[in-house]
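Trainee: Mind having a look at this structure? Questions to follow.
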Amino acid sequence: MSIWEYANPVKFMRTSGAVLPWVAAAAAVSLPAGLLWGWLTPEDYKQGATVKIMFLHVPAAMMAINIWVMMLVASLIWLVRRHHVSALAARAAAPIGAVMTLVALVTGAVWGQPMWGTWWEWDPRLTSFLILFLFYLGYMALWGAVENPDSAADLTGVLCLVGSVFALLSRYAVNFWNQGLHQGASLSIAPGERMSAVYKYPLYLCMAGFFLLFLTLLLLRTRTEIRRRRTAALLAREVRA
Amino acid sequence: MEPLLSVRGLAVSRGGRRAVEGVDFTLSAGQALILRGPNGIGKTTLLRTVAGLQPPAAGQVEADPDAIAYAAHADGLKAALTVAENLEFWRLVFGGPPIAAAIQAMDLGALVQRPAAMLSAGQKRRLGLARLLVTGRRVWVLDEPTVSLDAGSVALFADAVRGHLAQGGAALMATHIDLGLPEAQVLDLGPFRAVGAPLRSRAPASFDEAFG
Amino acid sequence: MIALLMRDLRLATRAGGGFGLGLAFFLIVCTLVPFGVGPQGGTLALIAPGILWVGALLACLLSLDRIFALDWEDGSLDLLATAPLPLEGAVLVKAAAHWITTGLPLVAAAPVFGILLHLPGAAQPWLVAALALGTPALSMLGAFGAALTVGLRRGGLLMSLLVLPLYVPTLIFGAEAVRRGAAGGDGTTPLVLLAGITMAVLAAIPFAAAGALRVNLR
C-alpha cells in the first residue's frame, strides 16, 4: 500500500479519525507537562525569570516556520498530483501557522522588553517573522476570496510557492539591512554553545507538545474542511436533482 | 480526410459540477456544426473547453491548438482604439491575412477610422466577427455569434461562414436562431446532460467530484 | 509581442493619465512627507531614500489592477490565451508596458523628487540606478499579484496584501543602495543584489503569473 492511499478522502477520514484521539491525548499530556517543567526550572543568572518565556517562544517560532514548510509541501503535492486532501490540509494549516507566528512575535516582545528595553526592534529575526505573518495573512485571504474551490486551491498553491521563495529571500535580505540584537539559534548542534540540560530537556518536551498540538488541530481542521466540502458537494447535487 | 477537430467522450464541468458528458463529434474541412440546448446546459463551457481555455473533466479534444479561433460574448475590443487598429492588432497577434478583406466582408468600410467606443452593439459584434477573419485560423469556435445583429448582418455573417467553409475551414457554433446555413449539422446537447452521481474515479476533476 | 506592447502603450496614452498619473501620485507623496516630518533639510535627507522607494512602490501598486482586469472584462485575455503567443510572453509584455508607463517616468523624474527631499547630490546617481534596476521587478511581481486576483470583484485590497510582502527584498536593497550613496559610500553591493533579484523575477515569475491566469480563465 502506498502513502498516496491517504489522499483518498474516505481513507483519510477513517485513518485520521482513529489517530486523532491518541494524538490529542499525547498533546494534552506533553504540552502542560513541558510547560510546567519549564516553569519549575531555576532562574537564569543573567535573564532571571524571563528566560522561562523561552518555553513558549521557541516552540512557537519553530512551528511557525515548520507549518509554512508543511504548507509548501502540501501545495506541491496538490499542484503535481492533484490530491484534494492535500490542498485542504494546506488550507487548514494556515491559520494555525499564523497564530503560532503571532505567539512567537508577542512572546518575543514580552521577552525583549526586559532584555533589550524595547517591545519591538527592527531586528532581522523579528522582521522576518513579521513578514512571514504577512504571507500567512495573504495566503488565507486568497483562500477566502476565491469562490471556486478548485481555482482557490490552484491559486493559493502558486502563491505558497512564490511566497516561500520570497520569505526565504526576505530572511536573508533583512540580515543585510540590519545586523540585529537577537541571539542566535537557541538550540544548536555546534559544540560549545549548547544550553544547559536544565533548560534543554523541558524545551524538547515543549517542542514535542507544540508539534502534537499542531497535529491535533491540523487533523481536526482538515476533517472539518473535508466535511464542509462534502456538504457543499451534496448540496450542489441536491440543487441540480 | 483528416478531421480538423475531433471530440471524444468529452465531459465538461462548470463550477465544479459536470454539465454535459459523453459528447462525441468530429469536424472536417468544410463542415459546420451548431450546438443547441437549453440555457445553462453548458454550451459556453463546452466551447471554452474545445478552445483550450479549460481542461476537460473527461474525454479528449483533438485539434491543432494553433487552428482554433475562439469568439464569445465579449469581443476583446478596446474602446479607445479605432476599428482598424483593433483589427490590425489581432491580425499581428495571430499572424493572419490583411484586414481589408475582413473589413469588406463585415461591411465595416465606413467605420474604419471610428473608435470602437462609438460603435453600436451590432457594429461591435460585426467587428468582433471580422476579427475571426483576420486570425487566419481554420476552426472557428463561436459562442452566440449573432447576438444583437440585425437580419442583414446575420446574412453577412452567414456569408462569411460559408466563405470560410468553402476555403476548407470549419465552424462550431452555439446559437439559438436560424442562421440560414442549411448545410450545417445540428447537435442537441439535451441528451448529454450529466445525470446523477459521477463514478468515483481515481482522478476526480474537481473538489465537488472528489467529495460528492 | 511588439504588437501587444504597442497596443498597451497606445491604450495607456489614449485612456488619459497613463504616464502622468503615477508621477503625479509620486509628487503628492513627496509633497506630503515634509508636512508630516517637518521642513528640516537634515531630517528629510535622512529619510529621503526610504520615502522615494516607498513612494515608487505605492505608485506602482496603484496602477497594477489595470494590467489584466480590463483585458479580462472585455474578453481580450481569452483571445490572448488562445493566440499563438505564449501566455507567459503576454504576461511579460504586459508587465513591460506597465513598467514603461509607471516605472520609467519615475526613474526619469526621480532626481527632481530627490531635490525636493534634500537628497544629497552624491546619492542621485545611486537613486536613479537603483530605481532603474528595481522597478521592473515591482511591475513583474505586481503582474503576478494581478494575475492571482484578476477574477475577483474587489481584488484591489487583496492584491496589495499579496504583493507588498513580495516587494520586501527589492525595497531593502534598493533603499540601501541609495542610503549608502547618501552617506558618501559605495552602493555597488546592494545594487548588484537588487539587479540579481530583478533578473530572477523577470525569468521566473512570468510562468507563475501565466499559470495563475490560466486558472482564472477556466
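Placed from the backbone N, Cα and C atoms, the Cβ positions cover glycine too.
Sharing the record's features from TrEMBL:
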TRANSMEM  C:12-37  transmembrane segment
TRANSMEM  C:43-64  transmembrane segment
TRANSMEM  C:99-120  transmembrane segment
TRANSMEM  C:126-150  transmembrane segment
TRANSMEM  C:157-178  transmembrane segment
TRANSMEM  C:190-213  transmembrane segment
Trainee: Taking C:12-37, C:43-64, C:99-120, C:126-150, C:157-178 as candidates, which has the most Cβ pairs under 8 Å with the transmembrane segment (C:190-213)?
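Mentor: Looking only at C:12-37, C:43-64, C:99-120, C:126-150, C:157-178, the most contacts with the transmembrane segment (C:190-213) come from C:126-150.
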Trainee: Residues sitting near the transmembrane segment (C:43-64): Cβ under 8 Å, six or more positions beyond its termini, same chain?
Mentor: 21-23, 25-26, 29-30, 33-34, 37, 98, 101-103, 106, 110, 113-114, 117-120, 123, 127, 130-131, 134-135, 138-139, 142-143, 145-146, 159-160, 163-164, 167, 171, 174-175, 178-179, 182
Trainee: Which residues of the chain, 6 or more past the ends of the transmembrane segment (C:99-120), have a CB below 8 A from one of its CBs?
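Mentor: Residues 9, 12, 18-20, 22-23, 26-27, 30-31, 33-34, 41-42, 44-45, 47-49, 51-52, 55-56, 59-60, 63, 127-128, 131-132, 135-136, 138-140, 178, 181-182, 184 contact the transmembrane segment (C:99-120) from elsewhere in the chain.
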Trainee: Against which stretches of its own chain does the transmembrane segment (C:126-150) lie, if we need a Cβ under 8 Å and a gap of at least six residues from its ends?
Mentor: 49, 52-53, 56-57, 60-61, 64-65, 67-69, 72, 77, 91-92, 94-96, 98-99, 102-104, 106-107, 110-111, 114, 119, 156, 158-159, 162-163, 166-167, 170, 173-175, 177-178, 180-182, 187, 190-191, 194-195, 197-198, 201-202, 205-206, 208-210, 212-213, 216
Trainee: Other than its close neighbours in sequence, what residues sit by the transmembrane segment (C:157-178), given a CB gap under 8 Å and a spacing of at least six beyond its ends?
Mentor: 48-50, 52-54, 57, 61, 64-65, 119, 123, 126-127, 129-131, 133-134, 137-138, 141-142, 144-146, 148-149, 187, 190-191, 193-194, 197-198
